[in-house]
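Enquirer: Below are the features listed in TrEMBL for this protein:
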type	residues	note
DISULFID	C231-C271	disulfide bond
DISULFID	C371-C385	disulfide bond
DISULFID	C433-C437	disulfide bond
DISULFID	C448-C460	disulfide bond
DISULFID	C462-C471	disulfide bond
DISULFID	C502-C507	disulfide bond
DISULFID	C526-C531	disulfide bond
DISULFID	C545-C550	disulfide bond
DISULFID	C552-C561	disulfide bond
DISULFID	C563-C570	disulfide bond
DISULFID	C591-C601	disulfide bond
DISULFID	C617-C693	disulfide bond
DOMAIN	23-435	domain 'Integrin beta subunit VWA'
DOMAIN	611-698	domain 'Integrin beta subunit tail'
DOMAIN	722-768	domain 'Integrin beta subunit cytoplasmic'
TRANSMEM	699-721	transmembrane segment
Amino acid sequence: MKKKETNVKHHKQTLRETRNMTIVEFLKQGEPTSARCDELESLRKRGCDKIENPHGSQRILKNKAVTNRKKGAEKLRPEDITQIQPQKLSLNLRAGEPQNIILRFKRAEDYPIDLYYLMDLSYSMKDDLENVKNLGTSLMKEMSKITSDFRIGFGSFVEKTVMPYISTTPAKLLNPCTGDQNCTSPFSYKNVLKLTSNGQQFNSLVGQQQISGNLDSPEGGFDAIMQVAVCGDHIGWRNVTRLLVFSTDAGFHFAGDGKLGGIVLPNDGKCHLENNVYTMSHYYDYPSIAHLVQKLSENNIQTIFAVTEEFQPVYKELQNLIPKSAVGTLSANSSNVINLIVDAYNSLSSEVILENSKLPEGVTITYQSRCKNGVVNEGENGRKCSNISIGDEVSFNINITAQGCPKQGKPESIKIKPLGFTEEVEILLNFICECECHKHGIKNSDMCHNGNGTFECGACRCNKGRVGRQCECRKDEVSTEDLDKNCRKDNGTDICSNNGECVCGTCECKKRDNPEERYSGKFCECDNFNCDRSNNKLCGGHGRCECRVCICDANYTGSACDCSLDTSTCLASNKQICNGRGNCECGTCRCTDPKFQGPTCEICPTCPGVCTEHKSCVQCRAFGTGEKKDTCERDCSYFNLIKVKDRDKLPQPVQAFPLMHCKERDANDCWFYYTYAVNNTEKEVHVVDALECPAGPDIIPIVAGVVTGIVLIGLALLLIWKLLMIIHDRREFAKFEKEKMNAKWDTGENPIYKSAVTTVINPKYEGK
């Protein structure tokens with residue numbers, strides 16, 4: 001029976017080894033075993049038909065639906081309320097392949113709240129304490145509008161109990177206040193009241209508190225915040241919404257300030273409450289802001305800073321450093337503290353911010369949020385959604401990518417949670433670092449030199465102390481001179497042509513950065529990337545490179561496979577090869593008639609009729625006129641148009657290629673000049689960009705000339721008329737003078753004539 005089983009096993013192994021023979025032959029001589037791993041398309045091109053290409057996957061392990069309930073419905077325990085879904089997943093990650101998960105978040109209605117009121121009890125807060133004494137019942141009443149499950153606690157702080165923060169004289173240690181003021185002894189932090197749902201108890205215990213005092217202005221509030229965060233059992237925190245209200249009217253000490261009091265030990269971030277009093281303030285320094293951020297985040301505590309207006313800028317800066325925190329302006333006597341707390345809670349709870357735990361080495365994570373009203377955020381803003389009301393649901397698309405396999409190869413886990421909430425999503429990460437075929441390896445296979453290795457995935461994985469592609473050598477034989485001789489071509493000096501390493505007397509060629517490029521051959525003397533190129537393509541893109549020689553595809557020849565044997569590109573419009581005026585060489589016409597040019601020897605730039613043939617296209621492209629102006633783009637894009645300023649700039653005929661000078665007239669009797677040439681199959685037209693049109697009559701000079709002529713003619717006629725009248729008058733006057741001289745007048749008196757003068761003599765006139 002045993003013998004039969006042994007024969008069966010041997011038969012199965014023989015079948016598997018026979019089947020794998022073809023897999024072994026996949027590698028070319030000299031190629032390293034790592035050449036089996038390549039891009040999918042490259043492997044297919046090389047004829048590999050047994051390809052393992054594993055992909056990542058995901059599985060949801062815990063997927064409790066988010067809670068849908070209304071206020072006043074059946075009361076649920078905090079651990080039974082779900083606001084984020086799913087809660088646990090398992091991812092199988094392959095290097096470079098992202099896995100996408102979708103997280104849903106929904107704010108539950110009537111979600112329980114724990115609120116701890118931490119108050120500065122230095123002397124300046126005396127009037128504030130009076131208003132806080134009734135805070136318990138009043139805040140209970142107000143918060144009942146938000147949740148039916150509300151608890152409140154109270155703590156106080158002053159300062160470290162060492163100089164120079166307080167006075168250490170015996171009298172001042174008993175009563176640090178001046179005058180007749182009755183104050184309690186200074187202290188660092190007291191947990192006065194554990195979280196409770198009894199508002200009356202809050203009022204009673206807070207009413208018993210007394211003011212204390214210190215010397216410097218900044219207070220030791222950071223010590224108190226640290227203890228509130230880490231002393232969960234003393235405070236009574238539940239796994240619900242946790243709010244810490246920090247009330248003060250002063251600044252704060254932080255890490256390093258303890259040196260003033262001789263305290264140099266860094267804060268250890270642990271709980272040190274004895275009888276609800278912080279006992280190590282004199283021993284440990286104040287915590288740093290980063291330390292506080294870490295502890296508040298770990299314990300899901302959201303902080304509300306209730307500070308006076310004077311210190312608003314300081315705490316606003318602090319808010320920027322502490323996620324899920326808010327700052328409210330406290331009135332001088334804390335009378336507005338209830339409204340401040342409610343407003344701050346609404347602000348904090350309306351925003352959800354996701355954070356993740358430390359990522360394993362080589363793992364990256366990106367977020368994309370889909371918020372209310374279709375708002376999509378990416379990058380750092382992809383971690384959060386704002387303005388979320390109770391009952392609103394938002395989602396987050398999260399991509400997790402492994403850049404490689406971890407050194408240990410062990411599963412890892414990360415956690416994602418919304419800041420300020422106790423719920424979290426656990427994600428288990430498994431890395432795909434090996435193929436399935438590794439599980440079916442044949443140990444001590446005959447394929448690996450008489451059983452010196454495991455045959456898996458078509459290659460040998462050698463046993464300890466063995467090397468070589470088939471584990472044929474011991475490690476101590478690898479570098480011997482005798483074996484190196486087998487790796488030198490033609491007894492030369494170069495081992496494996498300087499393109500590989502001699503392993504066990506056999507060359508194993510180097511891998512190139514480009515996975516498409518590889519060395520091969522017995523001495524790595526061959527490669528597939530140093531062949532001739534054409535158009536910057538290996539073997540012109542029409543062949544493959546084997547051992548530095550191009551193996552061309554069908555219908556191609558030449559050292560770079562750049563010569564096409566196809567004559568279809570040489571056929572002219574008359575179906576003749578090269579128009580009967582040339583020879584087809586490598587798919588291109590070589591014209592034998594020097595007059596003809598072009599890809600098919602059909603273009604004759606100097607033949608009659610060339611100018612007329614191209615006239616319409618030159619017109620439409622250069623001047624936007626002519627018969628083809630409407631179809632210019634379609635019919636006239638076959639040449640390159642170059643405009644010149646004048647006729648002297650037009651190119652002149654040269655021996656390199658024929659050129660035709662053209663002079664044509666358009667419909668407006670204007671002349672235009674251009675040249676037509678074919679330069680290396682490129683048709684070029686140079687055209688003078690200005691039309692030469694006959695000059696038209698100049699109207700203004702003509703009109704001016706006509707008017708001037710009319711005026712001059714009129715003046716001339718007037719002068720002639722005047723001259724004639726003068727001549728006529730002179731003749732008439734001369735005739736008159738002549739007749740006057742010839743006339744004989746009678747000098748006798750007219751008997752009828754009477755003198756017009758009458759002379760009268762005065763009789764009395766004596767002539768004196």
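From the backbone N, Cα and C atoms, a Cβ is placed for every residue, glycine too.
Curation plays no part in TrEMBL annotations; they are all automatic predictions.
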Enquirer: What is the one among the disulfide-bonded residues C371, C550 whose Cβ has the most other Cβ atoms less than or equal to 10 Å away?
Expert: C550
Enquirer: Same chain only, sequence gap of 6 or more: which residues have a CB within under 8 Å of the CB of C545 (disulfide bond)?
Expert: D527, N528, F529, N530, C531, L538, C539, I551
Enquirer: How many other Cβ atoms are found within 10 Å of the Cβ atom of C552 (disulfide bond), counting all protein chains shown?
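Expert: Summing over all protein chains shown, C552 (disulfide bond) has 20 other Cβ atoms within 10 Å.
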Enquirer: Fewest other Cβ atoms within 10 Å: which of the disulfide-bonded residues C502, C601 wins that one? Let me know.
Expert: C502
Enquirer: Can you check which residue among the disulfide-bonded residues C437, C460, C526 has the largest number of Cβ atoms within 10 Å of its own?
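Expert: The most densely surrounded of these disulfide-bonded residues is C460.
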Enquirer: I'd like to know which of the disulfide-bonded residues C385, C448, C507 has the most other Cβ atoms within 10 Å of its Cβ.
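Expert: Output for this query is C507.
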Enquirer: In the domain 'Integrin beta subunit tail' (611-698), how many residues does DSSP put in helix, strand and coil?
Expert: 20 helix, 29 strand, 39 coil
Enquirer: Quiz question: given the disulfide-bonded residues C271, C462, C471, C617, which has the greatest number of C-beta atoms lying within 10 angstroms of its own C-beta?
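Expert: Of the disulfide-bonded residues C271, C462, C471, C617, the highest Cβ count within 10 Å belongs to C471.
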Enquirer: Please name the residue among the disulfide-bonded residues C231, C433, C561, C591, C693 whose C-beta has the most neighbouring C-beta atoms within 10 angstroms.
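Expert: Of the disulfide-bonded residues C231, C433, C561, C591, C693, the highest Cβ count within 10 Å belongs to C561.
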Enquirer: Of C448, C502, C552, C570, which is closest to C591 (disulfide bond) if I measure between C-alpha atoms? They're all disulfide-bonded residues.
Expert: C570
Enquirer: Any idea which of the disulfide-bonded residues C531, C563, C570 has the thinnest Cβ neighbourhood at 10 Å?
Expert: C563
Enquirer: Between the Cα atoms of C502 (disulfide bond) and C437 (disulfide bond), what distance do you get, rounded to the nearest Å?
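Expert: The Cα atom of C502 (disulfide bond) is 28 Å away from the Cα atom of C437 (disulfide bond).
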Enquirer: What is the interatomic distance between the Cα atoms of C462 (disulfide bond) and C601 (disulfide bond), given in whole Å?
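Expert: So the alpha carbons of C462 (disulfide bond) and C601 (disulfide bond) sit roughly 67 Å from each other.
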Enquirer: What disulfide-bonded residues in the list C507, C526, C563, C570 lie within 10 angstroms of C460 (disulfide bond), counting C-alpha atoms?
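Expert: None, since no candidate lies within 10 Å.
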